[in-house]
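Taking it in order: structure first as structure tokens, then the write-up.
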Amino acid sequence: MDKLDANVSSNEGFRSVEKVVLLTFLAVVILMAILGNLLVMVAVCRDRQLRKIKTNYFIVSLAFADLLVSVLVMPFGAIELVQDIWAYGEMFCLVRTSLDVLLTTASIFHLCCISLDRYYAICCQPLVYRNKMTPLRIALMLGGCWVLPMFISFLPIMQGWNNIGIVDVIEKRKFSHNSNSTWCVFMVNKPYAITCSVVAFYIPFLLMVLAYYRIYVTAKEHAQQIQMLQRAGATSESRPQPADQHSTHRMRTETKAAKTLCVIMGCFCFCWAPFFVTNIVDPFIDYTVPEQVWTAFLWLGYINSGLNPFLYAFLNKSFRRAFLIILCCDDERYKRPPILGQTVPCSTTTINGSTHVLRDTVECGGQWESRCHLTATSPLVAAQPSDT
């Protein structure tokens, strides 16, 4: 009898340690998501240069969606995991599930819009980009990112369309742990699984892959063009022309920006693809996927909500500078230098019948100087820059 009591006590102690470790991990994930996404939103609101970049409107809206996930969805899921019971009633379970689907879908829609914005900026002429990405169109795209997901979240879930034909399976799953506790179980039938997964993940993912492929091809073509210009300049003059130097810089800037967004998209797909693949497969194998696998894949997706801000900090120079200014209490070292002194008119130069002049601020020997640069006619170079 004493041996049995000792085993029971040992198991309870092990479970207590497990719960402490699990709670600590989930708390770190939630806190990281809240603080990181708040930092992104504050950075864009305070930094005038970040507000001028149209892509950042989508990034702020994406950060807001991730912030809502970390505040309205993740804490209740963490409490359910630690306490091994859902104590908030069936109606709030439906609301929480609807918010989960809504915000997850909104996140990937935002990433799709960001990829389309970068496609028009890098692969099209500047005039085409300005005509395509007008303030009205940006507002409509942002509205669509929030409104369209409601048709696969609140509407079908509140109406119970997702559980038609599988109510008995759901009831068994709710009480599978013990007779005195229930879980907030979200299971879907075959029609809803296919519709939700295709709309929320597979179609946007395909659009993003196509957009970034075209960006990669365009960047490669312009890299070859600039290399040819540099070789031609080297044969005629020993010193590289400002046009070639600035064109190369702008091309590299846009290419790095595209790579940054590709990394963000890749991390999103890595985090959410296992869930969406399982979501579409499970109904066709009689719901035999273990609950532990579902939970692991779901929280892998939640981790993405706290991952994007750190990707911006490490891969984007403008965001990194804005973060440092906020965290270091407006330290003057991290602020952009103003252009001081009187400006001298820049001389114009004609290349292939087109005249282009640009004044820029550069660092030279620890001092900031205003200089003139010649810009090349290129859809990649002329696209709206993302400072990386």
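Note: Cβ is positioned from N, Cα and C throughout, glycine not excepted.
Sequence annotations record features per position, and here Swiss-Prot assigns serotonin binding site to Asp100, Asn279. Taken from Swiss-Prot, the feature disulfide bond covers Cys93-Cys184. The N-linked glycosylation site annotation in Swiss-Prot covers Asn7. Annotation comment: Swiss-Prot describes 1-19, 79-92, 158-188, 284-290 as topological domain 'Extracellular'. The annotation topological domain 'Cytoplasmic' is assigned in Swiss-Prot to 45-54, 118-133, 213-257, 315-388 on the grounds of similarity to another entry. Here Swiss-Prot flags 20-44, 55-78, 93-117, 134-157, 189-212, 258-283, 291-314 as transmembrane segment.
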Determine which residues of the chain contact the transmembrane segment (258-283) at the Cβ level, with the cut-off under 8 Å and only residues 6 or more beyond its ends counted.
104, 107-108, 111, 114-115, 118, 122, 166, 188-190, 193-194, 196-197, 200-202, 205, 208, 212, 215-216, 219, 289, 293-294, 297-298, 300-301, 303-304, 307-308, 311-312, 315-316, 386, 388
Counting Cβ pairs closer than 8 Å, which of 93-117, 134-157, 189-212, 291-314 has the most of them with the transmembrane segment (20-44)?
291-314
Please report, as numbers and ranges, the same-chain residues at least 6 past the borders of the topological domain 'Extracellular' (79-92) whose CB is under 8 Å from any CB of it.
19, 22-23, 26, 177, 181-184, 295
DSSP secondary structure for Asn279 (serotonin binding site), reduced to helix/strand/coil, please.
helix
Where does Asp100 (serotonin binding site) sit in the DSSP three-state scheme?
helix
Set of same-chain residues at least 6 away whose C-beta sits under 8 angstroms from Cys184 (disulfide bond):
Phe76, Glu80, Trp86, Tyr88, Cys93, Arg96, Thr97
Other CB atoms, at most 10 A from the CB of Asp100 (serotonin binding site):
23
Across all the protein chains here, work out how many other Cβ atoms are within 10 Å of the Cβ of Cys93 (disulfide bond).
20
In terms of DSSP three-state secondary structure, what is the assignment for Cys184 (disulfide bond)?
coil
When DSSP states are grouped into helix, strand and coil, how many residues of the topological domain 'Extracellular' (79-92) land in each?
9 helix, 0 strand, 5 coil
List every residue in the same chain as Asn279 (serotonin binding site), at least 6 positions away in sequence, whose Cβ is under 8 Å from its Cβ.
Val188, Ala193, Cys196, Ser197
